[in-house]
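Notes to accompany the following structure.
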Amino acid sequence: MSNASAASEAAGTPHAYQKAKPLETHGYIGVAATLLFFDHSITFVEELDFIWFNKAAGLGNRLGFLVNRYLTEAMVLYVSYMLSGDSKGLTDRVSCQIFLWLFAIASTVFVAVSHFIIMARLYTLWDRRPRIKWILMAAFSVAISISMTFSILSAHQVQPFLKYNLILHMCTFAKKPWALPFMLGALTSFDLFIIVATVINALDRPHQKQADVMTALQRDGALMFTVNLMMAVFGNPSNCFVTLSFVWAMCSMVNSRLQLRVEGLRFIRFVPTLDDPLELYNISNAV
(Lines of atoms letter the chains of each structure in order from A; the text may use other names.)
(Lines give C-alpha, C1' and ligand atoms only; values in the text may rest on other atoms or scores of the structure.)
Protein backbone atom coordinates (compact mmCIF):
# COMPACT_ATOMS: atom_id res chain seq x y z
CA MET A 1 0.00 0.00 0.00
CA SER A 2 1.40 3.44 -0.96
CA ASN A 3 2.22 6.20 1.52
CA ALA A 4 -0.59 8.31 0.10
CA SER A 5 -3.07 5.52 0.66
CA ALA A 6 -1.79 4.97 4.18
CA ALA A 7 -2.08 8.68 4.95
CA SER A 8 -5.59 8.77 3.57
CA GLU A 9 -6.49 5.72 5.64
CA ALA A 10 -5.01 7.26 8.76
CA ALA A 11 -6.79 10.56 8.20
CA GLY A 12 -10.10 8.75 8.05
CA THR A 13 -9.40 6.58 11.07
CA PRO A 14 -11.92 8.14 13.50
CA HIS A 15 -14.70 7.87 10.94
CA ALA A 16 -13.59 4.41 9.87
CA TYR A 17 -13.41 3.25 13.47
CA GLN A 18 -16.88 4.59 14.15
CA LYS A 19 -18.21 2.66 11.15
CA ALA A 20 -16.32 -0.46 12.14
CA LYS A 21 -17.09 -0.19 15.85
CA PRO A 22 -19.75 -2.91 15.66
CA LEU A 23 -16.93 -5.24 14.64
CA GLU A 24 -15.87 -5.14 18.30
CA THR A 25 -18.62 -7.72 18.70
CA HIS A 26 -16.25 -10.20 17.04
CA GLY A 27 -15.44 -11.12 20.66
CA TYR A 28 -18.69 -13.08 20.63
CA ILE A 29 -17.12 -15.35 18.02
CA GLY A 30 -14.32 -16.07 20.48
CA VAL A 31 -16.94 -16.97 23.08
CA ALA A 32 -18.64 -19.26 20.55
CA ALA A 33 -15.31 -20.98 19.81
CA THR A 34 -14.66 -21.47 23.53
CA LEU A 35 -18.10 -23.00 24.11
CA LEU A 36 -17.70 -25.22 21.07
CA PHE A 37 -14.35 -26.66 22.17
CA PHE A 38 -15.50 -27.03 25.78
CA ASP A 39 -18.57 -28.97 24.68
CA HIS A 40 -16.37 -31.13 22.45
CA SER A 41 -14.04 -31.92 25.35
CA ILE A 42 -16.84 -33.17 27.61
CA THR A 43 -18.45 -35.31 24.87
CA PHE A 44 -15.26 -36.68 23.29
CA VAL A 45 -15.45 -40.06 25.06
CA GLU A 46 -19.04 -40.53 23.86
CA GLU A 47 -17.92 -39.53 20.38
CA LEU A 48 -15.26 -42.26 20.36
CA ASP A 49 -17.70 -44.89 21.65
CA PHE A 50 -20.76 -44.07 19.56
CA ILE A 51 -19.31 -42.63 16.33
CA TRP A 52 -15.77 -43.82 15.62
CA PHE A 53 -15.61 -47.19 17.44
CA ASN A 54 -19.24 -48.15 16.81
CA LYS A 55 -19.54 -50.23 13.63
CA ALA A 56 -23.30 -49.65 13.54
CA ALA A 57 -22.77 -45.91 13.09
CA GLY A 58 -22.03 -46.27 9.39
CA LEU A 59 -20.01 -44.13 6.99
CA GLY A 60 -22.79 -41.58 6.40
CA ASN A 61 -23.21 -40.79 10.10
CA ARG A 62 -19.46 -40.47 10.55
CA LEU A 63 -19.10 -38.10 7.61
CA GLY A 64 -22.06 -36.06 8.86
CA PHE A 65 -20.54 -35.82 12.32
CA LEU A 66 -17.17 -34.90 10.85
CA VAL A 67 -18.66 -32.00 8.90
CA ASN A 68 -20.99 -30.89 11.67
CA ARG A 69 -18.44 -30.96 14.49
CA TYR A 70 -14.96 -30.59 13.03
CA LEU A 71 -15.70 -28.35 10.04
CA THR A 72 -17.60 -25.98 12.32
CA GLU A 73 -14.79 -25.89 14.86
CA ALA A 74 -12.23 -25.22 12.15
CA MET A 75 -14.28 -22.41 10.59
CA VAL A 76 -15.25 -20.73 13.88
CA LEU A 77 -11.61 -20.83 14.97
CA TYR A 78 -10.58 -19.48 11.55
CA VAL A 79 -13.13 -16.65 11.68
CA SER A 80 -12.17 -15.77 15.25
CA TYR A 81 -8.50 -15.61 14.28
CA MET A 82 -9.07 -13.63 11.10
CA LEU A 83 -11.13 -11.01 12.95
CA SER A 84 -8.86 -10.83 15.98
CA GLY A 85 -6.85 -7.91 14.63
CA ASP A 86 -3.62 -9.93 14.85
CA SER A 87 -4.17 -12.15 11.83
CA LYS A 88 -1.36 -12.49 9.31
CA GLY A 89 -3.86 -13.75 6.75
CA LEU A 90 -5.59 -10.42 6.21
CA THR A 91 -3.25 -8.03 4.45
CA ASP A 92 -5.27 -6.54 1.62
CA ARG A 93 -8.66 -6.44 -0.09
CA VAL A 94 -8.00 -9.67 -2.00
CA SER A 95 -7.39 -11.64 1.20
CA CYS A 96 -10.66 -10.25 2.58
CA GLN A 97 -12.49 -11.50 -0.50
CA ILE A 98 -10.96 -14.98 -0.15
CA PHE A 99 -11.92 -15.05 3.53
CA LEU A 100 -15.53 -14.16 2.73
CA TRP A 101 -15.82 -16.80 -0.01
CA LEU A 102 -14.43 -19.50 2.29
CA PHE A 103 -16.93 -18.53 4.97
CA ALA A 104 -19.84 -18.58 2.50
CA ILE A 105 -18.93 -22.00 1.07
CA ALA A 106 -18.26 -23.65 4.44
CA SER A 107 -21.44 -22.27 6.01
CA THR A 108 -23.52 -23.48 3.06
CA VAL A 109 -22.07 -27.00 3.36
CA PHE A 110 -22.72 -27.02 7.12
CA VAL A 111 -26.32 -25.86 6.74
CA ALA A 112 -27.02 -28.50 4.08
CA VAL A 113 -25.50 -31.34 6.11
CA SER A 114 -27.11 -30.36 9.43
CA HIS A 115 -30.56 -29.96 7.89
CA PHE A 116 -30.23 -33.29 6.08
CA ILE A 117 -29.31 -35.03 9.35
CA ILE A 118 -32.32 -33.55 11.14
CA MET A 119 -34.61 -34.44 8.24
CA ALA A 120 -33.31 -38.03 8.16
CA ARG A 121 -33.86 -38.40 11.91
CA LEU A 122 -37.41 -37.13 11.65
CA TYR A 123 -38.14 -39.49 8.77
CA THR A 124 -36.75 -42.45 10.72
CA LEU A 125 -38.54 -41.61 13.97
CA TRP A 126 -41.89 -40.59 12.56
CA ASP A 127 -42.64 -42.20 9.26
CA ARG A 128 -41.03 -44.51 6.73
CA ARG A 129 -43.67 -44.18 4.05
CA PRO A 130 -42.20 -43.45 0.60
CA ARG A 131 -44.58 -40.54 0.02
CA ILE A 132 -43.37 -38.75 3.16
CA LYS A 133 -39.77 -39.40 2.19
CA TRP A 134 -40.21 -37.82 -1.23
CA ILE A 135 -42.07 -34.83 0.23
CA LEU A 136 -39.26 -34.22 2.72
CA MET A 137 -36.58 -34.68 0.06
CA ALA A 138 -38.34 -32.32 -2.33
CA ALA A 139 -38.73 -29.63 0.33
CA PHE A 140 -35.11 -30.08 1.40
CA SER A 141 -33.82 -29.84 -2.17
CA VAL A 142 -35.83 -26.70 -2.92
CA ALA A 143 -34.86 -24.95 0.34
CA ILE A 144 -31.15 -25.78 0.10
CA SER A 145 -31.01 -24.87 -3.60
CA ILE A 146 -32.60 -21.48 -2.93
CA SER A 147 -30.38 -20.91 0.10
CA MET A 148 -27.22 -21.88 -1.79
CA THR A 149 -28.10 -19.65 -4.72
CA PHE A 150 -28.69 -16.60 -2.54
CA SER A 151 -25.62 -17.42 -0.44
CA ILE A 152 -23.44 -17.22 -3.54
CA LEU A 153 -25.22 -14.04 -4.61
CA SER A 154 -24.66 -12.52 -1.16
CA ALA A 155 -20.94 -13.27 -1.25
CA HIS A 156 -20.72 -11.85 -4.77
CA GLN A 157 -22.70 -8.69 -3.99
CA VAL A 158 -20.65 -7.75 -0.95
CA GLN A 159 -17.34 -7.92 -2.84
CA PRO A 160 -17.38 -4.27 -4.07
CA PHE A 161 -17.99 -3.05 -0.51
CA LEU A 162 -15.18 -5.05 1.08
CA LYS A 163 -12.25 -2.96 2.24
CA TYR A 164 -9.11 -3.66 4.20
CA ASN A 165 -8.51 -1.10 6.95
CA LEU A 166 -4.79 -0.65 7.53
CA ILE A 167 -5.20 0.91 10.98
CA LEU A 168 -7.73 -1.59 12.32
CA HIS A 169 -6.02 -4.48 10.50
CA MET A 170 -9.44 -5.83 9.69
CA CYS A 171 -11.88 -6.32 6.84
CA THR A 172 -14.82 -3.94 6.81
CA PHE A 173 -17.96 -3.73 4.72
CA ALA A 174 -20.63 -1.09 5.03
CA LYS A 175 -23.52 -2.53 3.05
CA LYS A 176 -25.55 -5.70 3.41
CA PRO A 177 -26.28 -7.71 0.27
CA TRP A 178 -29.97 -7.75 -0.61
CA ALA A 179 -29.79 -11.52 -1.19
CA LEU A 180 -28.92 -12.33 2.45
CA PRO A 181 -32.49 -12.13 3.86
CA PHE A 182 -33.70 -14.43 1.07
CA MET A 183 -31.00 -16.99 1.91
CA LEU A 184 -31.99 -17.04 5.59
CA GLY A 185 -35.68 -16.86 4.73
CA ALA A 186 -35.43 -20.09 2.74
CA LEU A 187 -33.88 -21.90 5.71
CA THR A 188 -36.42 -20.47 8.15
CA SER A 189 -39.27 -21.55 5.87
CA PHE A 190 -37.86 -25.07 5.67
CA ASP A 191 -37.59 -25.28 9.47
CA LEU A 192 -41.19 -24.14 9.83
CA PHE A 193 -42.25 -26.68 7.20
CA ILE A 194 -40.57 -29.48 9.16
CA ILE A 195 -42.32 -28.40 12.37
CA VAL A 196 -45.72 -28.30 10.66
CA ALA A 197 -45.10 -31.67 8.98
CA THR A 198 -44.08 -33.19 12.32
CA VAL A 199 -47.20 -31.92 14.07
CA ILE A 200 -49.51 -33.13 11.29
CA ASN A 201 -47.81 -36.52 11.20
CA ALA A 202 -48.10 -36.85 15.00
CA LEU A 203 -51.86 -36.31 15.02
CA ASP A 204 -52.61 -39.86 13.84
CA ARG A 205 -49.91 -41.58 15.90
CA PRO A 206 -49.65 -42.62 19.57
CA HIS A 207 -47.82 -40.16 21.80
CA GLN A 208 -44.07 -40.78 21.89
CA LYS A 209 -41.52 -39.09 24.09
CA GLN A 210 -39.18 -38.60 21.14
CA ALA A 211 -41.78 -36.36 19.55
CA ASP A 212 -41.42 -33.79 22.32
CA VAL A 213 -37.63 -33.81 21.97
CA MET A 214 -37.59 -33.52 18.20
CA THR A 215 -40.29 -30.84 18.15
CA ALA A 216 -38.37 -28.81 20.73
CA LEU A 217 -35.16 -29.12 18.72
CA GLN A 218 -36.89 -28.05 15.53
CA ARG A 219 -38.57 -25.16 17.33
CA ASP A 220 -35.25 -23.97 18.72
CA GLY A 221 -33.61 -24.33 15.32
CA ALA A 222 -36.38 -22.32 13.69
CA LEU A 223 -36.00 -19.61 16.34
CA MET A 224 -32.27 -19.44 15.66
CA PHE A 225 -32.77 -18.94 11.95
CA THR A 226 -35.58 -16.46 12.63
CA VAL A 227 -33.15 -14.40 14.72
CA ASN A 228 -30.68 -14.58 11.85
CA LEU A 229 -33.37 -13.48 9.41
CA MET A 230 -34.39 -10.50 11.55
CA MET A 231 -30.75 -9.51 11.95
CA ALA A 232 -30.25 -9.74 8.19
CA VAL A 233 -33.22 -7.44 7.60
CA PHE A 234 -32.77 -4.89 10.39
CA GLY A 235 -29.21 -5.28 11.71
CA ASN A 236 -26.02 -3.65 10.50
CA PRO A 237 -23.57 -5.69 8.38
CA SER A 238 -21.08 -6.40 11.16
CA ASN A 239 -23.65 -7.59 13.72
CA CYS A 240 -25.29 -9.72 11.06
CA PHE A 241 -22.00 -11.46 10.26
CA VAL A 242 -21.19 -12.05 13.94
CA THR A 243 -24.69 -13.40 14.65
CA LEU A 244 -24.38 -15.86 11.78
CA SER A 245 -21.09 -17.17 13.16
CA PHE A 246 -22.40 -17.50 16.73
CA VAL A 247 -25.62 -19.28 15.73
CA TRP A 248 -23.60 -21.56 13.46
CA ALA A 249 -21.57 -22.68 16.48
CA MET A 250 -24.66 -23.18 18.66
CA CYS A 251 -26.42 -25.23 15.96
CA SER A 252 -23.33 -27.42 15.67
CA MET A 253 -23.42 -28.15 19.40
CA VAL A 254 -27.12 -29.07 19.34
CA ASN A 255 -26.80 -31.26 16.24
CA SER A 256 -23.69 -33.02 17.55
CA ARG A 257 -25.34 -33.84 20.86
CA LEU A 258 -28.47 -35.04 19.07
CA GLN A 259 -26.42 -37.36 16.86
CA LEU A 260 -24.47 -38.70 19.84
CA ARG A 261 -27.74 -39.32 21.70
CA VAL A 262 -29.35 -41.17 18.81
CA GLU A 263 -26.27 -43.29 18.11
CA GLY A 264 -25.96 -43.98 21.83
CA LEU A 265 -29.53 -45.30 22.00
CA ARG A 266 -28.90 -47.52 18.99
CA PHE A 267 -25.68 -48.77 20.57
CA ILE A 268 -27.57 -49.78 23.74
CA ARG A 269 -29.59 -52.27 21.71
CA PHE A 270 -26.48 -54.40 21.23
CA VAL A 271 -25.14 -54.20 24.79
CA PRO A 272 -26.11 -57.11 27.15
CA THR A 273 -27.83 -56.00 30.35
CA LEU A 274 -27.84 -58.19 33.50
CA ASP A 275 -26.63 -61.19 31.49
CA ASP A 276 -29.75 -61.03 29.32
CA PRO A 277 -29.55 -59.94 25.69
CA LEU A 278 -32.25 -57.35 26.28
CA GLU A 279 -32.75 -54.81 23.54
CA LEU A 280 -34.22 -51.36 23.72
CA TYR A 281 -36.58 -52.41 20.96
CA ASN A 282 -37.91 -55.33 23.01
CA ILE A 283 -38.24 -53.21 26.14
CA SER A 284 -40.26 -50.58 24.30
CA ASN A 285 -42.53 -53.23 22.79
CA ALA A 286 -43.10 -54.84 26.17
CA VAL A 287 -44.34 -51.60 27.72
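In case you wondered, yes, glycine gets a Cβ from its N, Cα and C as well.
What TrEMBL records for this protein:
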DOMAIN    31-72  domain 'DUF6533'
TRANSMEM  98-122  transmembrane segment
TRANSMEM  134-158  transmembrane segment
TRANSMEM  178-203  transmembrane segment
TRANSMEM  223-250  transmembrane segment
**Request:** Count the residues of the domain 'DUF6533' (31-72) that DSSP assigns to helix (H, G, I), to strand (E, B) and to coil, and report the three numbers in that order.
**Result:** 40 helix, 0 strand, 2 coil
**Prompt:** Averaged over the whole of the domain 'DUF6533' (31-72), what is the pLDDT?
**Reply:** 88
